[in-house]
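Quick look at what TrEMBL annotates:
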- B:7, B:8, B:39, B:40, B:71, B:72, B:181, B:182: substrate binding site (BINDING)
- B:70: active site, proton donor/acceptor (ACT_SITE)
- B:180: active site, proton donor/acceptor (ACT_SITE)
């Protein structure tokens, strides 16, 4: 299976890491729209327009499936992208919600959704969880973790102060949805900040589980080949890939 | 005099605020490329390409002069912009350096340049100051203040922790160049963080002083009219303008 991965920037490489781990795919084509990252603060129409332009990039490759690693794209542009492509386009929100549902969470356990402005405003995670009967959901815009991760700040006083800034007044969560591709990189710190180590829902792991079931995928002998492209500073993106993967 | 102001996003409104204060201009046309903000982390070629595209926007208006409020654009794209426009394009770096020179700073007094990655990497401020004989310059990438200001965080523990993160190990400055349009909004906090209140160089004030001298401008009776345009979310930008101006 040859899959495309689309992200607004470098963050989607955290999803690629999971895709590579399980040897389920033949080839992975990654495209980051680094010239226009971040999508989070942009208008819905602009997010849709940029996402449809990414489809044109993937038309150069005969992919079987496209994953939108970016939560913002997953929240806003999936119907439009699916309408304009010959292959399925799968986002990270539905897989994340299903992964949570497969854990042994009670309906009134507190679930914390951490994401950037656009994803929280879309209420996609929230509505899907409410539909499944969850009654205790905290939605939080935690956009400042994105530049911290991009600056390589994974621990220390500034990260602690940022967690305190966002979390000092909220309920203790039983599970956290990492609703932005950057957040798995501070996953361990988030776990240790809260008491009783909450369950973390990681988009990469969730989507692998989802595709494995839906397409009945089998483990290959060889690791998938990975090609990385970007709309700007492709060398920088490949360097991040070397560091992360 | 009818002037254009170009910025990568909303930050340039801090320059507009200074332009409006002194009643020197007839009309101000502001264009923020909010669909592609921020320019700071992008490649030089991309910055130049986007800046030249902004010229096409201003071709719709008969402006006498264009100010690039964005430090990144000022650092990288001025020669190309001037080559392709019929009016002068003026950046914020030269005016900032001249404003510093007009203060009573000794050549060995420490000057702190705070800016985003692209501006610091360009070394434009640094080289200009060295040319004037300054021997004690600290260049610092302080990009995390940008999202803080955009989140409306102008005081409190998180801002304090960010200042500590950047400034705990540097020399006490006699002057600070605010090398990003967002930084004047935390100017007072920066002043009080350091001992002996350093001189702050503010791009908006510097460019007004510069234009006043160069074009021998006179004070008008009426305030300039201001028109605001953006490549994305123009309503959001106009709301920020209402708050700031």
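Here the Cβ of each residue, glycine as well, is placed from N, Cα and C on the backbone.
Its own atom aside, the Cβ of residue B:71 (substrate binding site) has 32 Cβ atoms within 10 angstroms in the protein chains shown. Counted over all residue pairs in B:7, B:8, B:39, B:40, B:71, B:72, B:181, B:182, the record's binders of substrate, the longest Cα to Cα distance measures 13 angstrom. Listed in sequence order, the residues B:9, B:11, B:12, B:37, B:38, B:69, B:70, B:73, B:116, B:119, B:180 complete the 8 Å Cβ shell around the substrate site centroid, once B:7, B:8, B:39, B:40, B:71, B:72, B:181, B:182 themselves are left out. The secondary structure of residue B:180 (active site, proton donor/acceptor), as reduced to three states from DSSP, is coil rather than helix or strand. If you compare Cα positions, residue B:180 (active site, proton donor/acceptor) sits closest to B:71 out of the binding-site residues B:8, B:39, B:71, B:72. The CA atom of residue B:40 (substrate binding site) is located 9 Å away from the CA atom of residue B:70 (active site, proton donor/acceptor).
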